[in-house]
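In what follows, a structure is listed as structure tokens, so that the remarks can point back to it.
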Amino acid sequence: VVSSIIAECIHFQSNGNDNKKFKGDRPPCSPSRVLHLRKIPSDVTEAEVISLGLPFGKVTNLLMLKGKSQAFLEMASEEAAVTMVNYYTPVTPHLRSQPVFIQYSNHRELKTDNLPNQARAQAALQAVGAAQSGSLALPGAPPNEGTVLPGQSPVLRIIIENLFYPVTLDVLHQIFSKFGTVLKIITFTKNNQFQALLQYADPLNAHYAKMALDGQNIYNACCTLRIDFSKLTSLNVKYNNDKSRDFTRLDLPTGDGQPSLEPPMAAAFGAPGIISSPYAGAAGFAPAIGFPQATGLSVPAGLGPGALGPLAITSSAVTGRMAIPGAGGMPGNSVLLVTNLNPDLITPHGLFILFGVYGDVHRVKIMFNKKENALVQMADANQAQLAMNHLSGQRLYGKVLRATLSKHQAVQLPREGQEDQGLTKDFSNSPLHRFKKPGSKNFQNIFPPSATLHLSNIPPSVTVDDLKNLFTEAGCSVKAFKFFQKDRKMALIQLESVEEAIQALIELHNHDLGENHHLRVSFSKSTI
């Protein structure tokens, strides 16, 4: 066995470095659970070589031939070896930043019992086996969090909260690949939330990824990862496209853009919707951070194979703004504490209208004894986060508004007969909610406060001067005005400042223009 292994190595050495050449010289071997690895760096460890096979199944043996920069890796099954070769054929693996080449060996198994220098390889295999079976704690893990439970799934269920920039399948692959080889990803929308199922072949990789990434933001202050283990142990991907991908099967059709799920899978998380694509014209909106140095997510050092420090997202990942998920019964706190308000001018209705730009406001309470503070209860935690990100730090009635998550889980209505001065209001049944309707276009038109307002629902009889006068009478200085060419029911109006626009929105949203038309006011991404 040893002499034939050496002969197999010598064959490749004699064929030099030209990868294309030996492919022609020697017919490719038929699949085998023994894999031949070439061009391995001389300083690489046994554990690093084993880590290449680990995502695809159990590694049962290893033979390192460092003098020849080669190695043989034996997988527990031929199926695992085939998956590994299929994966690494288009995606060349790297060890210590050097490309490594993998193909099937002529050998059906590795017999290394009588070979010298095998102690280190066997020790590495035993250590990996212990970690896989869950008896080895992960380095740096808190008690009871560092062990992989028997039967734990290699499939993660990922929910992205506060989805303010688009998160694509490729972005997820880039992030999660730092913790091991990602085999399959399916993305879908459920309860107005962007979600994904992501399969590693090894539960250990899934465990590392969950420990390091759960609760992290992909981009600054938004796109928060919530990660759990899925009940599924395997994903069945039918199409390779921007919604689903099987990285071990490059031969799959693109389909119609919808991942097709097997019945048991569909039952596990409900029928998948398809996330709406970023709409045209949105690419001009710059993200809150500079790319590619996405500082929102830094991967803790030493957490598993391939955890290589801060995540770098390429600029192509941020091409537009995504439809924001709406009310989906989000866990977490949906109540905001709003402070530094102008007590002489603020009203519950004013806060309802302003915060209602970013979600459906259910209740508002201005504090009886401290009227510069208020509680605003949104429909869910996602909307609360969105409103907080957009409105905290904005000027309103001469003061800089501050919004943070409250420790209260709900806003209590005053008891009957309790003195309240009308400071607590319940808006849960208001007809003015913008996001009640699932899939509403309003989800796609959420923008930060700006000096330019988007006006809609304008009746035909209302003129430019009528609208300019309306805003001037509300104390605004109108800088520019423009009706939409294709649809005169809509217009843009540019005011002196963002603060002026915020106050105009509060005052004039739902203003009665006659003919049974109430003016709708939103912040615009455009300028005139």
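Quick reminder: no glycine exception, Cβ is built from N, Cα and C everywhere.
According to TrEMBL, the protein has these features:
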type   : residues : note
DOMAIN : 33-117   : domain 'RRM'
DOMAIN : 156-232  : domain 'RRM'
DOMAIN : 334-408  : domain 'RRM'
DOMAIN : 451-526  : domain 'RRM'
REGION : 411-431  : region 'Disordered'
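Relative to the domain 'RRM' (334-408), the listed stretch 451-526 leads the set 33-117, 156-232, 451-526 in CB pairs under 8 A. Beyond the region 'Disordered' (411-431), the same-chain residues lying 6 or more positions past its ends with a Cβ under 8 Å from any Cβ of the stretch are 335, 348-349, 352, 361-368, 371, 375-377. Across the domain 'RRM' (451-526), DSSP classifies residues as 21 helix, 25 strand, 30 coil.
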